[in-house]
Amino acid sequence: MTQAEIKLCSLLLQEHFGEIVDKVGAHILQTGSQPLRLISNDTGTPLDQVKKALCVLIQHNLVSYQLSKRGFVEYEAHHDRVLRILRYPHYIYTAKTLYGDTGELIVEELLLNGKMTMSTAVKKVADRLTETMEADGKAMDYGEVSSTFVRLVDTHFIYRCPAPLEPPEGAAAPAPVAPLLLTSEKDMYTVPKLSMIGKGKRRRSSDDDDDDDASEQQTKRQKKEADSKETLPDDGIYWQVNTERFHQHFRDQAVISAIANKMDQISSEIVRTMLRMSEVTTSSNAAHTQPLSSNEIFRSLPTGYNISKQVLDQYLSLLADDPLEFVGRSGDSGGGMFVINLHKALATLASATLESVVQERFGSRCARIFRLILRKRHLEQKQVEDFAMVPAKEAKDMLYKLLSENLVTLQEIPKTPDHAPSRTFYLYAVNILSSSRLLLQRCYKTVANLIERRLFETKENKRLLEKSQRIEAIIASMQATGAEEAQLQEIEEMITAPERQQLEALKRNVNRIDASENQVDETIFILESYISTSTKP
């Protein structure tokens, strides 16, 4: 793990969980797996605070524990899971796109809490949706939220957390030092039978709370007693977000978008259908999808696309013969068997990303040379000059610039054993994998710089932000009590015109930084996906 990754992980932990969790998490990331007391001694943090920090990190699946050979428990941090915090907005937005507001809030609650039982998540989401429906006087039914939760589980966007093994009945064995967490493949996506009847509840207003304070406390006490007696059927069954499944969805969308840009909408819809048919059966790091016959694809096409079987076969042949090689032919049974070459698609997307970076940093002529070397694999300097139609001096400068940035490599092929320069071929080539790794580290550094800049901007304007929040809270409370327009106007004028301009500038800058973070994260995702499929055992 590089310094850029450690720095970015530390910033993400500090921003989302605070300084103590950041100190503990960053220390485990740097040193590797360590026992509790050693973490406490090395970080100079009290033992109880380290325990709480580890509880938070374990709850959010950022740290795991295991029993060492010496018999004590060691804690290990997973930097890849910490870096996924950057992608949380993408997960929530995808859930909203696929499953509406209910799906969005379910995924948001699970990401905020790390792990939750189904009943708790359903109640929280129903209550939040009911509050938004306050103007209509409606309430969200628990059954609707439960059905969306089940749909998310069926499509593997949510899965069951591993649970500790239950001791056999009658056995009085001592509790293990570190409980072993296991889950079977069969139970991972099995939803417990849970009949939740009721609707979401709204929060009481402040006036109602003052009037009914004593009765409310009594009701709460009765509810707590009832909850302590009553155990729900899903007690102890916790759920978490399946980030790998979301990544699979992002990868599929990138492939579909690339096909749509290269060919047309019908081709992208055919590829979308193939990916949808194999989304649950294909693992996130597979090199290609499961083979699908032409007849199966034809039957699964959306009803809106009225294309004949003959036209579909022509499109599939066209996709299979395309130089991109996103779609491959794997057999002739059932009208022809076809697969989507996911590794090849990710390699093409990574190459396009590298080309784009070279063009933005060094200009169109440099990008032309880079693209040429990428297509021809190996070229001498004279060949680059001829093929790219660039003057010799310019071509030499550009090649050495790319070489100094490690975007191209130089390979020596000697004619004689003495490696004399006059009798040696010097070939330029592009190693996509090493260039992708280099660019990925730069992306991590960029995101860390963006986060630091956002923190600096908010810190510089902290006093003004606090003043704005206080005034907004006063206006909201006055509106609730039915204040006059003149009174509200008087409160609003407490923020002067220059301060208002400063606030607008801050908001604009922060929004721009957030948008930049999301754009860089899209590049990070493409590069990470390509590197993981290239280096998998």
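Every residue, even glycine, has its Cβ placed from backbone N, Cα and C.
Look at TrEMBL and you will find 7-65 tagged as domain 'RNA polymerase III subunit RPC82-related helix-turn-helix'. TrEMBL lists 147-348 with the feature domain 'RNA polymerase III Rpc82 C -terminal'. The region 'Disordered' annotation in TrEMBL covers 193-232. Residues or ranges marked as domain 'DNA-directed RNA polymerase III subunit RPC3 winged-helix' by TrEMBL: 354-430.
Taking the domain 'RNA polymerase III Rpc82 C -terminal' (147-348) as a whole, pLDDT averages 77 in the prediction. Residue counts for the domain 'DNA-directed RNA polymerase III subunit RPC3 winged-helix' (354-430) under DSSP (helix as H, G, I; strand as E, B; rest coil) come to 46 helix, 13 strand, 18 coil. Counting residues of the domain 'RNA polymerase III subunit RPC82-related helix-turn-helix' (7-65) by DSSP class, helix then strand then coil, yields 45 helix, 5 strand, 9 coil.
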